[in-house]
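Enquirer: Dumping the structure here so I can ask a few things about it.
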Amino acid sequence: MRIASLSPHARIFLVLVPLLALLPLVLPTYQVTLANNIGIFALATLGIVLLTGIGGMTSFGQAAFVGISAYSTAYLAIGTDLPAQLGWLGGSPWGGLLLGMVLTLAVAALLGALTLRLSGHYLPLGTIAWGLSLFYLFGNLEFLGGHTGLSGMPALRLFGISLDRAESLYYLIWALVLLAVVVTLNLLDSREGRAIRALRGGQRMSESMGVNTFRAKMVAFLVSAGFAALAGWLYAYTQRFVSPAPFSLQAGIDFMFMALIGGVGQVWGALIGATAVTFLKQWLQDWLPHILGRTGNFESIVFGLLIVVLMQRMPGGIAGWLARHLGHARKLAPSAQPAPTPVEPLPRRALPAKGEAILEVRGVTKRFGGLVANNDISFDVHAGEILAVIGPNGAGKSTLFNQLSCVDRPTSGEIRFRGRRIDGRTAREMAGAGLSRTFQHVKLLPTMSVLENAAIGAHLRGGKGVAAAALRLDRREEARLLDEARRQLGRVGLGQHLHAEAGSLALGQQRILEIARALCADPCLLLLDEPAAGLRHLEKQALAELLKRLRAEGMAIVLVEHDMDFVMGLVDRVFVMEFGEQIAEGVPETIQTNPAVLEAYLGGVE
Amino acid sequence: MNLQIVMLLGQDGVTNGAIYALLALSILLVFTVTRILLIPQGEFVSFAALTMAAMQSGTPVRMGWLLVALALAAVALDLYDAARGKGRWRPRGAALAMLAYAAAVTALTGLVPLDKAGVAVQALLTVALVVPLGPLLYRVFYQPIAAAHSLVLLIVSIAVHVVLVGAGLLMFGPEGARTEPFSEEGLSIGMVTLNSQTLWVVAVSLLLIVLLYAFFERTLYGKALRAAAVNRLGAELVGISPEIAGKASFGLAALIGGLSGILIAPITTIYFDSGFIISLKGFVGAIIGGMASYPVAALGALFIGQAESFSTFWASSYKEVIVFTLILPVLLWRSLSHKGAEDEE
């Protein structure tokens, strides 16, 4: 394999692995110990990168998670007064790892279940409060040694090899760090990973594409806590002593600062941040007492100010800056490159027979307080038919559209999709049933590629989970998902832009991309909210051709649109609304001469 | 546990709860107006308490230097904005006036023998030192990123808190301090003796709540702040400057925090980093109020005060554990009554 064909991540590995392997041979033991600490910090910080930088959630409880695991490990390793139920785990490092992992994940699952459905402020506040209470708990529990902690841990022995020297622990720690980086990179480049990456700013969109956003948040939170647990296990065996202080809220804040300084949006930011902060802290602790004339935790002033400046001037941190200046910003993983071999296409849903009623709207009324936004609306849409909903601004089209797409529920009346009642169901449930949509205000993930954006639409057509993604057991399915996305993008005319960032497309192209994403879900009903807005003449013609082709295949399409030229030449029937009421319905020719419609659009003739 | 102990604990709980309620209101006010979770709220409390204590013990009051430093930074930021074409090519009058004020107060605290000045003068001067901290913090740290994602605002809040705690250590040293009580006599009603400081705390808290209510209901500035809280963009369109709204809400927060600090300084020993734990209990109250409802937040904070007081009796070393674990059931209740995924700005 030629170096030029490797992904940027692979190239970093190629440089980093030999470098890391050689370090302990040339560094004095003191520096190796420092490198061990950096590795442990990097592992915990990697969790923050995944959670905060990629998932858009904030936790200050990472140090507390490290603490749970470190205490579990120390408690079992010392193993002097274990309760009978835990006796079989005593003295074994695997037991410590298991207990630490289980306890950490259990606490994370509880905290996640309580806060992740709520707005983004509750997780950080919850982890601050909980991190503090855990700190006081460690300091007060007799069997954990109170404020003095637990000491006298035996050295780590794995498979009969004693890892009692800093140099031997070094290889274990850094192997695990690199493994965690690989696992994270694999996870992010997968179906579940796209769901996590869509959490920042794309939650409503991904719910409509069938993604369970709560689950995606939980996955990110648990993986992040898992890294902390692993770091805690290593920490206990590196220090062979645990006390409450290193797991305080302050330490949790330090991990967040490491991630931010290193670059919270990039996996490598965790390694850079842990290294930079550790060295900077040491340097400041040497120099600040000379400058200020007394000792104290004054480096926190410098770090705090650094974070403020960073957030104002360079939110991407060091890694973000490097990525921008070394030219390969946000290059995507290899699987995003052109398809190497043809893959078996994904199975398709059996499309309903032409003419079958797909959507039946009966007496739908929506009230917002005293305002009646939709009043007694009824219509049908059939397979192989395009219906346009038109009306002046404020007619209630968007309200109707929200109810059809299950974002909002009617006050009264019912909506049936293929005979099943859907009003009151969630947008996510409907995505699975074959209803797909686009948004009036384009909802794309601007820093993800066009291909990945489209692939989110195919989320429910794959089933591989987190473990499969982390271990790359999902490659066949992933290739099929991406192939489907590629096919739909080709179909709408975006085949040339697969690897561009979605945010770099023109507005019209972004609308078309939304249609490709909706098609990836293999729907039988397509809801399009102003698809022609912002499109140029030729693009409109191409869009009309595409919709006609979909109609011919048996798709039912509902579109809300203002562009009358576009609508009248394309659709089978037009449904006209004004002030929340239905004022006309029929084929385009009769609508164009309908007096009520003319009155609504042009005003009455005296 | 007899009635006397219950009354004693209850009284403690009311005293602390009233302070937490004030802080909860202030946190909510800042949050609704600016979307900022004011993590540094607690530093207003500890800085006020320690400044007051420094005045009484006759040690140098260094708060003024922080003000001067921040005011200089504000002037520098104004110049920087101007250099990038975002304003006039000289510092705004407000920034210069603030700098002059900071210098004057600093000089005053350095020259006047404060230990003999009496509690009222000391308290007044403490307020004069702490309140400008609010608008200055907003100007220097938050205003440049006022439109950023709420996650960014939260991280900056944490960073500002960390900076201020470090500055607190620098200004006040690691030793804790306590101030003299405002007055000695208590009030006896039947078998219960009400501590004079409790009465002070309750009276000042009530007065402050009434004043805040009047400010928000009766004055134009108060209404403008409420408008900014309901709809920031809409308020800006009708001429309510988000900068003014931000600085005003931070000023109020600093006032409330400063008064709270002065009130509890005679009851509790305050260290340079004590403010955080105190304000966090205000946050718990605000969470109980769903980060939206003032009355529920205040009641929640009063409840936290009682819970803390009674857990001191039963399990004193687990006091903080119990208080902070209390938010779990609150979060559960919030979580169960919540539905739908929403994207945040």
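Yeah, the Cβs are placed from backbone N, Cα and C, and that goes for glycine too.
Below, the features straight out of TrEMBL:
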TRANSMEM  A:38-56  transmembrane segment
TRANSMEM  A:63-82  transmembrane segment
TRANSMEM  A:94-116  transmembrane segment
TRANSMEM  A:128-149  transmembrane segment
TRANSMEM  A:169-188  transmembrane segment
TRANSMEM  A:214-235  transmembrane segment
TRANSMEM  A:255-280  transmembrane segment
TRANSMEM  A:301-323  transmembrane segment
DOMAIN    A:359-604  domain 'ABC transporter'
Enquirer: Can you work out whether the transmembrane segment (A:255-280) touches the transmembrane segment (A:128-149), with the criterion being 3+ CB pairs under 8 Å where the paired residues are 6 or more apart along the chain?
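Expert: Contact criterion not met.
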Enquirer: What else in the chain is close to the transmembrane segment (A:301-323), if you only count residues 6 or more beyond its ends and a Cβ gap under 8 Å?
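Expert: Those are 254, 257, 259-266, 268-269, 272-273, 276-277, 280-281, 284, 288, 329-330, in sequence order.
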Enquirer: Return the average pLDDT for the domain 'ABC transporter' (A:359-604) as a whole number.
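Expert: Over the domain 'ABC transporter' (A:359-604), the predicted model scores a mean pLDDT of 89.
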Enquirer: List, by number or range, the same-chain residues at least 6 past the transmembrane segment (A:128-149) whose CB is under 8 A from its CB atoms?
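Expert: For the transmembrane segment (A:128-149), the nonlocal Cβ contacts are 60-61, 63-64, 67-68, 71, 75, 81, 111, 241-244, 247-249, 252.
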Enquirer: By Cβ distance under 8 Å, which residues at least 6 away from the ends of the transmembrane segment (A:38-56) in the same chain are close to it?
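Expert: Same-chain residues near the transmembrane segment (A:38-56) but 6 or more away: 62-63, 65-66, 120, 170, 173-174, 176-177, 180-181, 184, 187-188, 196-197, 199-201, 216-217, 220-221, 223-228, 230-231, 234-235, 238, 255-256, 258-259, 262-267, 269-271, 273-275, 277-278.
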